[in-house]
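According to TrEMBL, the features are:
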DOMAIN    240-345  domain 'DUF6545'
TRANSMEM  6-25  transmembrane segment
TRANSMEM  32-51  transmembrane segment
TRANSMEM  71-92  transmembrane segment
TRANSMEM  99-119  transmembrane segment
TRANSMEM  139-158  transmembrane segment
TRANSMEM  179-197  transmembrane segment
TRANSMEM  217-236  transmembrane segment
Amino acid sequence: MLRAFHILVVVLLWACTAYRVFVLVRRPSRSFGSVAVCLALFFLALGFTVGLPPLYLRIPWLAESPSLVRLVQPVFIVVSVFWLNMFVAHAAGLTARVIVLRTATAGTALVAMTTLFLLASPGDDAEDFVRAYAKAPFVTEYLLAYLCYFAFVLADVFRLTRRFAASAREGPMRFALRLWSIASLVGFAYTSHKAVYALGTRLDVTPPWEEGPVSTTLSGLVLVLLVVGMTAYLWGPQFEQYRTYRTLQPLWRACYDVMPGIALMPPGVRVPIDLRLYRCVIEILDGRLALRAYWDTAIAEQDGEAAALAAALAAKAREEPVEGGPAGLPALDVAGLTAVAREFRTLSAAGLPAHARG
């Protein structure tokens, strides 16, 4: 079960990496943030892929010394979270001095980890590395160097994402930042558990459970949350557009049934969701303007825009214009039109009022 979860995380990481690279290549303007996210995903996917036993045991230089994977994998993860830190720092508008300091911190962590691991020179047990070697000289120190840097980045990410999540204007970006905040908290649980386990084993107070399954599960959850957050602000707007489009559809269909001429293209044509939403909004607004001769201002003032629209559509279907229709109608933006569409759907589900049915 644990191996299946590991494989699932690896597949998710490579799929998200491919998606981000595809988006990066398609866009003419490649910002530092986009490149940083791609690099973070790539090294994260690489780190978790190389940690799969069926894979690293087939790599000659790792098969000769399997425990070496416990250095290679954390190095990839440190490089990955460094680029994640760079993305968050860049998005937060931190100064070049602060970014250089974070770069130096990552470099120091990598040098310390490599030096301590080579001094430790552990054996060939890569599957239960902490339990097997935590008592050996320099192994616990190596693990603490890795975990301290990981916790440092998580604290930085948590602080910055909490600060900017509330002020983010776009829903998908707020969602992504909050996911990263949650991922940071789960990451603290991962680093705390691994550090306590290593120190306990070093002091002959080894916990009764295995370290590997718990650490793999917690780190997998961190990765899923981080990866979804890294991609949410790309697919999030499309999801929001799709939701708005679905909300507007009943109102658009009611307008189209009475006034087929509002359609810019045949209804069955498949186009990207942003273009579908754009057409839907334009066609509803055009239809609304075409209903001015059937618009009852009294209904609009008494029962609201949606009721007046329903009554105008019913009057148009009967070809019964009202006397003294308005020369113009109040302007509506997408948010206002969506609110009208929701109310229209509620009226339709409950049965239109008598003056709308005629």
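The backbone N, Cα and C atoms fix where each Cβ goes, glycine too.
Just so you know, TrEMBL annotations are computer predictions that nobody has curated.
Long-range contacts of the transmembrane segment (217-236) within its own chain (CB-CB distance under 8 A, at least 6 residues past either end) are made by residues 2, 5-6, 9, 12-13, 16, 19-20, 23, 37, 40-41, 44, 48, 84, 170-173, 175-177, 179-180, 182-183, 186-187, 189-190, 193. Shown for the domain 'DUF6545' (240-345): DSSP residue counts in helix, strand and coil, namely 76 helix, 0 strand, 30 coil. Away from its own ends, the transmembrane segment (139-158) comes close to residues 71, 74, 77-78, 81-82, 84-85, 88-89, 102, 105-106, 109, 112-113, 116-117, 120, 122, 130, 133, 180-181, 183-185, 187-188, 190-191, 194-195, 198-199, 201-202 of its chain (Cβ-Cβ under 8 Å, at least six residues beyond either end). Mean per-residue pLDDT, taken over the domain 'DUF6545' (240-345), amounts to 87. Among residues of the same chain six or more beyond the transmembrane segment (6-25), those with a C-beta under 8 A of the stretch's C-beta atoms are 34-35, 37-38, 41-42, 44-45, 48-49, 51-52, 216, 220, 223-224, 227, 230-231, 234.
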